[in-house]
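Undergrad: Right, I'll just put the structure down here and ask away after.
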Amino acid sequence: MELKPLRQDGVVELLQITDTHLFADKDADFLGIAPWHSGQAVVNAILENEQLAGTQPHDLILATGDLSQDHSRDSYRHFSELMSELAPPVFWLPGNHDDADLMQAELDNAGISNAKHLLCGQWQILLLDTQLAGETHGELSAAQLSLLEQAITAYPRHHLLLAVHHQAIPVGCAWLDQHNLRNASAMQALLVKHQASRVVLCGHVHQGFDQREQDIRYLASPATCIQFKPLSDEFVLDSMAPGWRALSLHPDGRLSTQVWRLPPHAFEPDFSATGY
Ligand SMILES: [Fe+2]
C-alpha cells in the first residue's frame, strides 16, 4: 500500500501504540490498572499534544500487538473506538495475547486496514506477525521471513522500519528475554543485507528501549497500561506511567524518536503483583 507523502519536507511522522491489553469490561483490572482507562488517557494526551501543536502532527499509527487481554470481541471494539478518536490511519499486528482471527475480523469490521507493507516516501514499513499459537515467545514463520526478503528485494533503496511484537535482541530483563523472538537471527541475516537504514520496532516488553546492533536500531515502547521494570531479572512492575512513542522518519534515513508518558502517578499498578 502506498501512502502519499503528506509533508513538503518528506518526513513521515508516526506514533506507536502498543500492548493496550483491553478487556470487554472497561473497568476490568489488570494488576492494579484498568487498561481501558489508561488507554483512553493516552489517547486524550495525544489529542492534547496535537491541539498544542496546532497541526495534524502524525501521518499514521502502528499498533504492535497485545491489543486484547481477554480475547473478547468487545476488547477489539474498544480498541477501534479509541483509535477512531485519533485521525491518522492505524496499522496493526498481533501479539502473544491476541486472538489473531478475531482481531482481524473485528478490526476489519471497524474499517481498520489490514495492510502490512506501506510505502511512505523514502521509507517502507513492514508489519510482521511473530505470534506462535499457545506460546508466550515469538517466531517468524518461513512465510513471514519471505515477506521481509521480498520487501528488501523489491525496494532496496527504501529505508526500512520493521514492526514486530516480540523483542529481537535482549532488553536486559531475564524473565522477559526468555519470551523473545526465538529466530531473530534469521531476520537479522536478511536485514544486514539491506543497504538502506534499518529499524526494528517492537512491543511486548512494556518499557522504553533504544539500542543499536550491527547498525540496526532496535526500539521498544511503553505499554498503554502496566510497565515492566527495566534491567530486572525477575518480574517487577515499574512505577513509570503508561505511554507511547513518536517517530519521525526522515527521507535521508535518519530517525528521530521520543517516548511520551502520562503524568507521573497517573496510573499506579499493584506493586505486590508477582506475575500475570
Ligand atoms: Fe503485552
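Using N, Cα and C of the backbone, Cβ positions are placed for all residues, glycine too.
Feature table excerpt (TrEMBL):
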DOMAIN    14-207  domain 'Calcineurin-like phosphoesterase'
BINDING   Asp19, His21, Asp66, His206  Fe cation 1 binding site
BINDING   His21, Asp66, Asn96, His97, His206  AMP binding site
BINDING   Asp66, Asn96, His165, His204  Fe cation 2 binding site
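Map these features onto the structure and tell me what's around them.
TA: Every protein chain considered, the tally of other Cβ atoms within 10 Å of the Cβ of Asp66 (Fe cation 1 binding site) stands at 24.
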Undergrad: If you check the binding-site residues Asp19, Asp66, Asn96, His165 one by one, which have a CB less than 6 Å away from any atom of ligand 1?
TA: Asp19, Asp66
Undergrad: Around the AMP site (His21, Asp66, Asn96, His97, His206), what further same-chain residues have their C-beta within 8 angstroms of the site's C-beta centre?
TA: Asp19, Gly65, Gln69, Gly95, Asp98, Gly203, His204, Ala223
Undergrad: Which one is it: of the binding-site residues His21, His97, His165, His204, which Cβ has the fewest other Cβ atoms within 10 Å in this structure?
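TA: Each of the binding-site residues His21, His97, His165, His204 was scored; lowest Cβ tally within 10 Å is His97.
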Undergrad: Spatially speaking, which of the binding-site residues Asn96, His97, His165, His204 is closest to Asp19 (Fe cation 1 binding site)? Use C-alpha to C-alpha, please.
TA: His204
Undergrad: Please list residues from the chain of His206 (Fe cation 1 binding site) whose Cβ is under 8 angstroms from its Cβ, counting only those at least six apart in sequence.
TA: Asp19, Pro222, Ala223, Ile226, Gln227, Phe228, Asp238
